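Over in TrEMBL, the protein carries these features:
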type: TRANSMEM; residues: 20-42; note: transmembrane segment
type: TRANSMEM; residues: 54-78; note: transmembrane segment
type: TRANSMEM; residues: 90-111; note: transmembrane segment
type: TRANSMEM; residues: 117-143; note: transmembrane segment
type: TRANSMEM; residues: 164-183; note: transmembrane segment
type: TRANSMEM; residues: 189-210; note: transmembrane segment
type: TRANSMEM; residues: 230-253; note: transmembrane segment
type: TRANSMEM; residues: 273-295; note: transmembrane segment
type: TRANSMEM; residues: 329-351; note: transmembrane segment
type: TRANSMEM; residues: 363-388; note: transmembrane segment
type: TRANSMEM; residues: 408-435; note: transmembrane segment
Amino acid sequence: MDLKEETAKANAKLPTLEKISYSFTDMAGNLLYVSMSSYILYFYTDVFDIPVSAAGMIILIACIVDAVSAIFWGSIVDHTHTKWGQSRPYFLWLAIPFALSTFLAFTAPNIHGVAKLLYAGITYVLAAGVIYTGIQTTISAILPNLTLNPSERIGANSYRMVGSLIGSFVTSTFTLPLVAFFGRGNDKHGFMITIALFGVAAVFLLITAFKNMRERVPVSQKSLPFKQSLKATVGNVPWYLLVISFATFWIAQADRNSFSTYYAKYNLGNAELAAVFNGLQVLGIISSISIPFIVKVTNKTATMLIGLGIGAVGQAMMAMVGGNFVLVIISWSIGVLGSALAMSMPFAMLADTVDFGEWKSGVRASGFLTAVGSAFCIQLGSGFGSFIPSKILDMAGFVANQNQTAQASSAISFCFIWLPVIIYAIVAGIMVFYFKYEKMEPKIKDDLLKRAEQRNK
């Protein structure tokens, strides 16, 4: 293939079928991972009978381990060279292990004491960390290798976010009703059957994505040593800004997801209302579809800041409407639109930091940079997003399956409503520094293409 053909291929317009298939990857991931991020704390405390402080500590430790594993997954991807590409084969290889490990995490065997805590910790690490982190890493790492075309990357990422939100919607809306339906009063059995069904669907989606996707951007066939991967971070300021921002953002995201159940059950008096909260996450599809248009009018950084602002307004409104469920839902919906907009942007922007790293250091470490920038951030942020509010609840005297004291109810409200507002403000303060680097992207793309031409002369 001559240089013109190679350049045209690398800048290719992605077929719609491939974009849809890309959306299947995060749809599958969220069918199972959102089950864990939204319901594992509730499952531990109210079904598996683990104290809330111990459950929060299990999730924090597991997520730290998982976050570290993301770094290794990035290096593994950079060392992978197959006829199917670097990232694509992992959708095939990890599909069944992902489904099986998540099923085990939501299985509550008749064990007690330390054995119960060990079982919970090991299965959670295996499912949410080692295996899901591998899938999440490759979902992000494949994007910069699908095309160099910035608008096509934004478009593909929008499809991905729609798939992600559909997966979240199905999980969030139907998990508890399905648990009740299949369990018929036995939540242990209900969770097992429900997660098994989600697992079968996830396997099908991941294998379909593997079948229909292609990696086009030329990647060096030499394995990239870990030290070389680290070189891509030297001077890569936009990557550091995204890593810090995204990890912090996921504290709020995990907190909102997991505490909707507590807020509905203990503050609104009906646990099933959590399905309404979580089901409304599907409104984020509106935000995802609108991203290419908003970015075209503004830019990627401004789009993320707009999302954070809308999310903070929606959260704050919930504090002002009291127990009026209709107004709470309207406020929550506004927050969903904003948070979905903000959450989508770093995934697309990470691909640009891969280009920046190559431009700055000469090393294209797609796997490592996207692994740390996505899976590492999600796992670390999610860990603290469960641990921090669980400690707040513990200090407030929360007791599962009991009427809560005024102090405990206030703690639940703070965690569900105000903690995300505080975090959104912090993230916005960090991201304002990204504008400078986004302006450099056209020059970086041109320089990389010129270097490719020189290498092929």
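Cβ atoms are placed via backbone N, Cα and C, with glycine included.
The structure displayed is predicted, hence computed values, not measured ones.
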Exercise for the section: Establish whether the number of Cβ pairs under 8 Å between the transmembrane segment (164-183) and the transmembrane segment (363-388) reaches at least three, counting only pairs separated by 6 or more residues. Expected result: no
Handout entry: Paired segments the transmembrane segment (230-253) and the transmembrane segment (54-78) in contact, 3+ CB pairs under 8 A
Key = no
Problem - Positions on the same chain near the transmembrane segment (20-42), where near means CB under 8 A and six or more residues out - result: 52, 55-56, 59, 91, 95, 98-99, 102, 105-106, 124, 127-128, 132, 135-136, 138-139, 142-143, 146, 156, 159-168, 170-172, 175-176, 191, 195, 198-199, 201-203, 205-206, 208-209, 211-213, 254, 257-258, 260-262, 278, 382, 386, 390
Fill in the blank from the handout: Beyond a gap of at least 6 residues from its ends, the CB atoms lying under 8 Å from the transmembrane segment (363-388) belong to 37, 41, 56-57, 59-64, 66-71, 73-78, 80, 86-87, 128-129, 132-133, 136-141, 143-145, 219-220, 224, 226, 228-233, 236, 239, 242-243, 246-255, 258, 346-347, 350-351, 353-354, 357, 415, 419
Fill in the blank from the handout: Other same-chain positions with a Cβ less than 8 Å from the transmembrane segment (273-295) and lying at least 6 residues past its termini are 38, 151, 154-155, 157-158, 161-162, 164-166, 168-169, 171-177, 257, 260-261, 263-265, 303, 306-307, 325, 329, 332-333, 336-341, 343-345, 348
Fill in the blank from the handout: Near the transmembrane segment (54-78) in space but 6 or more residues beyond its ends, with Cβ under 8 Å, are 40-41, 44-45, 86-87, 90, 117, 120-121, 124-125, 128-130, 132-134, 136-138, 141, 223-224, 226, 229, 365-372, 374-377, 379-380, 382-384, 386-387, 389-391, 394
Handout entry: Contact call for the transmembrane segment (90-111) against the transmembrane segment (189-210), three or more Cβ pairs under 8 Å
Key = yes
Exercise for the section: Using a Cβ cut-off of under 8 Å, list the residues of the same chain at least 6 residues beyond the transmembrane segment (117-143) that approach it. Expected result: 22, 25-26, 28-29, 32-33, 36-37, 40, 44, 48, 50, 54-55, 58-59, 61-63, 65-66, 69-70, 73-74, 76-77, 85-88, 90-91, 94, 97-98, 101-102, 104-105, 107, 109, 111, 153, 156-157, 160, 206, 213, 215, 347-348, 350-351, 366-367, 370-371, 373-375, 378-379, 382
